[in-house]
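Here is what TrEMBL records for this protein:
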type	residues	note
DOMAIN	19-462	domain 'Major facilitator superfamily (MFS) profile'
TRANSMEM	21-47	transmembrane segment
TRANSMEM	59-80	transmembrane segment
TRANSMEM	87-107	transmembrane segment
TRANSMEM	113-134	transmembrane segment
TRANSMEM	146-167	transmembrane segment
TRANSMEM	179-200	transmembrane segment
TRANSMEM	266-287	transmembrane segment
TRANSMEM	299-324	transmembrane segment
TRANSMEM	331-354	transmembrane segment
TRANSMEM	374-397	transmembrane segment
TRANSMEM	409-428	transmembrane segment
TRANSMEM	440-458	transmembrane segment
Amino acid sequence: MDVVDFAKSKGRRRTVYISSTLAATGGFVTGYDVGAIASILVLPTFLDAFPDLDTNLQSVLLMVTLAAGAIGAFTSGFFCDHLSRRYTIVLGAFIFVVGLILQIIGLKTGVLFTGRIVASFGGGMITCTIPLYHSEIAPADIRGRLISLFSVMVSAGTLVGYFVTFGTSYLTTNWSWRAVWLIHVIVCAFLGVFAWFLPFSPRWLIDHDRHEEALQILSSLRELPVEHHQIQDEYHEIKAELELEHTFGHRTYIELFKKGNRMRSYMSAGLSAGSALTGTQAVSYYAPAIFKNAGLSDVSTSLAATGGMGAAALLGTCVTVMWLDKFGRRVYLISGAFTLFASMMIIGAMFSCFAETDSDGNILMTSMSARNVVIAFLFIFNFVYNATLEPISFVLPAEVYNMRCRAKGLAFVTGLWWICAIFTTLIMPPLSAIYPAAPYYLFGGCSFVAAIMMCTFPETKDLTLEQMEQLFSK
């Protein structure tokens, strides 16, 4: 079948955009969590409420948060295949709500840890499931844009999390941090309720022999009659591919590494790991502390600067939504990774030449010009990462796998991202203590390796999910 048959869909796009935007609210939920916890950890009222939560225990808190997210991502493949993509989003949202309630009501470190673990498990499920859902309802020519909506919402959520905490930082009671999580509960509940009414993935329905329902949903998503040739052609293409996949027997994770899937797994895992190893999660979590090290010693000022960095990230993801399906995946990935390499190396050079460590282990920037360079390139890093690697690390794995392996493949690479994020988050404080520039040089080196690897990736824009089989069978 010719690519242009589906690359230029004739139906209207209102229904698929509405469904995708509602589902992408899950990105806001996970992004808000990053912005909130990064800012809450420097609030004096929060630190007073948990006096035993020193710097080392904060690192452990972040580690278990990321580990729970990785487990949630790994297990989401099972739920997506058995419960459906729609109900997995609902389940993840309400697990998140339970965790947030524990964070709000607990004034014991153990309860806080439990809440963070539960919430992050739900967040891991959401992070994996929503790009998967987007990929399966989207027409080929706007698939990158719709999957990138998740990243836009992540950036928007992170920005809102920063500024909500900035606003509550002036409160002198425990509501300075509890109010932040209470707002989060409301947003998560909104996601869980509205996700219940999302249309099922047509591909999941066909995979479960619910053919008439799949046809009706395809018709609704494309806003064309069921008997229209485009609906019939798309339905029969999906059906033929799934019937072939069913002849291969039981689905297992081992298939991800067998012939036919090795290149897809190499691309997806390499992109996911490379994206995380640029240090983005460590920079996001420790942004207020980084700004303090760079010379913005006031808590509220550092939170405001962190919020500005979140605004740069949001702008970057909006650029991707507008242009990704026009220019393709490769040019974004390669140019983005090389720019991240340059940004991290310049930040590292500033810390190497102009930073000192006092007797208490605090990092101090001795030059105002160097501080301004660090702040500028942190903004550039966040803008470029969120315009390139961040959204495409969700887009590419969601579109290259076939239906047989898509949920498990995306669960695997999303879990891998969380594991690599654990590594960067854990290694940043001790590396900074040894040599302030070390983590930035490490992240810059990883970005360079990622850029070289991405030069080997094929282009996937404008292909239907079923036509990926032809691309990767060559």
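We number each residue from 1, going along the chain as drawn.
Every residue gets a Cβ built from N, Cα and C, even glycine.
Most Cβ pairs under 8 A with the transmembrane segment (146-167) among the ranges 21-47, 59-80, 440-458 are made by 21-47. If one looks beyond the transmembrane segment (59-80) by at least 6 residues along the same chain, the residues whose Cβ comes under 8 Å of a Cβ in the stretch are 37, 53, 87-88, 91-92, 95, 112-113, 116-125, 127-129, 132, 204, 253, 281, 285, 407-412, 414-419, 421-422, 425-426, 429. Within the chain, the transmembrane segment (331-354) has long-range Cβ neighbours (under 8 A, six or more residues past its boundaries) at 271, 274, 278-279, 320, 324, 363, 365-367, 370-371, 373-374, 377-378, 380-381, 384-385, 387-389, 392, 435-441, 443-445, 447-448, 450-451, 454-455, 457.
For the transmembrane segment (374-397), same-chain residues at least 6 beyond its ends with a Cβ under 8 Å from one of its own Cβ atoms are 131, 135, 143-144, 147-148, 150-152, 154-155, 267-268, 271-272, 274-275, 278, 280, 283, 287, 290-291, 294, 296, 305, 308-310, 312-317, 319-321, 324, 329, 332-333, 335-337, 339-340, 343-344, 346-347, 350-351, 365, 409-410, 413-414, 417, 450, 457, 460. On the 0 to 100 pLDDT scale, the domain 'Major facilitator superfamily (MFS) profile' (19-462) averages 88 in the predicted structure.
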